[in-house]
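According to TrEMBL, the features are:
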COMPBIAS  168-181  compositional bias 'Low complexity'
COMPBIAS  233-245  compositional bias 'Basic residues'
DOMAIN    319-734  domain 'Acyltransferase 3'
REGION    168-249  region 'Disordered'
REGION    755-775  region 'Disordered'
TRANSMEM  130-153  transmembrane segment
TRANSMEM  324-344  transmembrane segment
TRANSMEM  364-390  transmembrane segment
TRANSMEM  491-507  transmembrane segment
TRANSMEM  514-533  transmembrane segment
TRANSMEM  590-611  transmembrane segment
TRANSMEM  642-661  transmembrane segment
TRANSMEM  673-692  transmembrane segment
TRANSMEM  712-737  transmembrane segment
Amino acid sequence: MFAVMPNEAMGNFDLCRHSELYTSGLVKTHYCALSHDKAGICVPTECRAEDLHNKAILQPVMNLGIHASTVIPEECAMNLYLTQGCAYSRQALEYFHSLYNLLALLGNDTPQSTGSVTCTTRAHTAEASAYTMLGFTLLFATLALFGAAWQYFHAVAHHGDKRALISSSSAVPSSKPSSSTKSDKKQSDASSLPSPGSKVVALTVKASPGREASDLQDIPLEEVNEQLEGTPRSRKNNNKKKGVLKSKSSNSNKLAVLDSAAATTAMVATSTKQPDMVELMAQVLKVPPCPKPISAFSFVDNLNEIFTLKARGGEFAIFDGMKAISAAWVVFYHVLLWQIYLVQNPEYLVPPKGLLSKLWATPFFNYSGTLSVDTFFFISGFLASYMLLVKLDKEHAKGLSKPAYKWIPSLYLHRWLRITPAYMFAFFLHWKIAPLLAYGPLAATVWENNIRPCRGVWWSHFLYLNDIYPWWNQRLGEVCYGHSWYLANDMQYYLLVPFFCLLYRSPRINGKKLATYAVWACLLTCIIVSWTLTIKDNWSPNSWDGVDGDHYREEGFSRPWTRCSSYMIGILFSYMWYEKKQGNPDGKFHTFQANFLWVSGLVLLAVSMYGPHSGSAGVIPCAIAAPGTPCGSNWSPSTRAAIIALLRPTWTLGLGCLSVLCWNNQGGFIQKFLAAPLWFPLSTLSFCIYLVHYTVLTYYISQRTMRIRFELFGFLNTYFGLMAISCGLALFVVLLVEKPFMKLQKYFLEKPAPARNNKGDGPATSGQKEKEWTPAHDAPLDSLKEAVTPTGTVLHCTCDDH
């Protein structure tokens, strides 16, 4: 059975797999597609190889191919996809040629005595590394469930009533006053105070190696009840307790206010409710606290941390909105880019009359569409430099400064451990697991193109050298995990940050000026190199310029020496903001200065996004233009060089102008928009969204059985669907890998700061003990309640000693 499929179909995949849809039940046989899921021959499974390789089949196929080539109009000879008619004719010709070649190949490679044709549906087979990857995934998932269950049973065992459970992820009353009316506040205060004659107890427990301050809520309530009721187990054991109980009156309602020298305050309410089976089982088992290496995998805690809608707060809260929007922008650009290769009606999408030739569409594609990554570079450069300067200042003030040769390697190790676990998990998920789940007429070809470049060079991703090694891999466009060049760029730029900061903090050699000059030198070098290579190699930033645009994407787009300008501008802004916080932390910009920054920032961003529009308006893409016909942007070499070398710094400078206003709390509606709590979950997922969206798009393209008829509404449906799937897969990676390994890194590698002595001028000596403090006996309950922040930090309270 041979079938000429509709022009939109990719091979005969759907017909072979679902033959009953086309035969109406008249043909009682199963069909299979040879050469896995590629386009080719659809034959009954009962056919033999010799049935397919004979002149009676080959000759008609050859004649059909010849006829298909003769009916192609002359104007379509060099413009194969200029119109739908040309595309139809070309696809028919390619179909018959592929069919003939496949028949000939089958006959030459298959002995005549092999019997029936072997049909297979899998494009790739699992390797040992794939099973290893699946094993790690199962292990992480088990730890996530086990950690959450352990925490739950431990809390139930030690608190009795699940409703009184106080976990590390539960909300604690905030120290900020609410916006409710005075009457509401009085009612809430009245409800929170103990009833007349009730007993108010202050329990002070000193942190010790046996019981940390963070575990104070884990004190069994029976211990508190025994002391409140005056029936201790034994006076000897009661004297050995780590806390002192002080009471004024008695009542059936009991309230324990827990506090410690570690400034951790929690409130536990007891209940007379009879324990259920879960509570009894947990109390009988006497579940100990969950070890931190296991609790780090608890999906409950990690999920609460991701989806909290409490604003991060602080000066840099706008980065949440910037990261979230940039991640969505990256996915949008790639969805659009990948659909162009399969679009059935290119005249609706591409220039000269398509949607991408419109002014409003300029920021979403072509060169302007790649500026979203420069936003990540700006944020990364700023935070890496600024936070390191602040950290070094704090350590110097505490007398904890260390030589550079000690803390720089540690800094690099922390950075590598922060990024690599999630990166490698997503990388091997794309390389080893996703191809096993792929299906469709393009599955074998698409995934093989993704797998082949990674063989033998995957280790370069561990070392963050994949943007420069192997060199030919970049030039031929066959890149392993193509979008990961950004991670290599970012890591390489990060290696320079500690040396810039050391130079900046060197007062003997006027280090601030030298460090600033060094960063400016890197910035200018990047601009000069980009300009020079564009002129020399005839690069073009315009996707419609054909070969010149391809050369830029393969040779210059991902190289670290052409992309570092945005990162360096971020470092320069960190120096500026650091000096501002040192000299005038609360100072505001004058009206003229603020307006100047507003106008400058908006103008620079607009120029960056819409400046290259002339390269799309009314041009004919060189990919579909006839030889000798003018095509592309017709930009001069100097215009191309200016766009490649200067547009990214212009974008980043505009971001910096608006960011400074927001950091100084003068950002107006932009600050409120970008710092909104709604952005926090998406910002937390943004790194892993960037990692996994490439896998989602590859899977989407490989499983298609029909070409894409582009329309705006349908495209938006596709985009939001793929974005949602990317967010779901990113959440999976964050919960199983990124969050747990971040916590493990802090637990094993970050040492707590030494305790301070009572005078506050250095670490406590061996002869000194940290003085415990007890809340005042007559302190009102609301003053103690107001002392607790959402993180458990004491802001203020009425105390005998502080």
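Glycine too: its Cβ is placed from the backbone N, Cα and C atoms.
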Selection from 130-153, 364-390, 642-661, 712-737, the stretch that has most Cβ pairs under 8 A to the transmembrane segment (514-533): 642-661
Listed stretch, out of 324-344, 364-390, 491-507, 590-611, 642-661, that has the most CB pairs under 8 angstroms to the transmembrane segment (712-737): 324-344
Which of 130-153, 324-344, 364-390, 590-611, 642-661 contacts the transmembrane segment (491-507) most, counting Cβ pairs under 8 Å: 364-390
Folded-back contacts onto the transmembrane segment (642-661), same chain, C-beta under 8 angstroms, at least six residues removed: 318, 322, 367-368, 371, 374-375, 377-378, 382, 523, 526-528, 530-531, 534, 539, 541, 552, 556, 562-563, 565-566, 569-570, 573, 576-577, 589, 594, 597-598, 600-605, 607-609, 611-612, 635, 667-668, 670-671
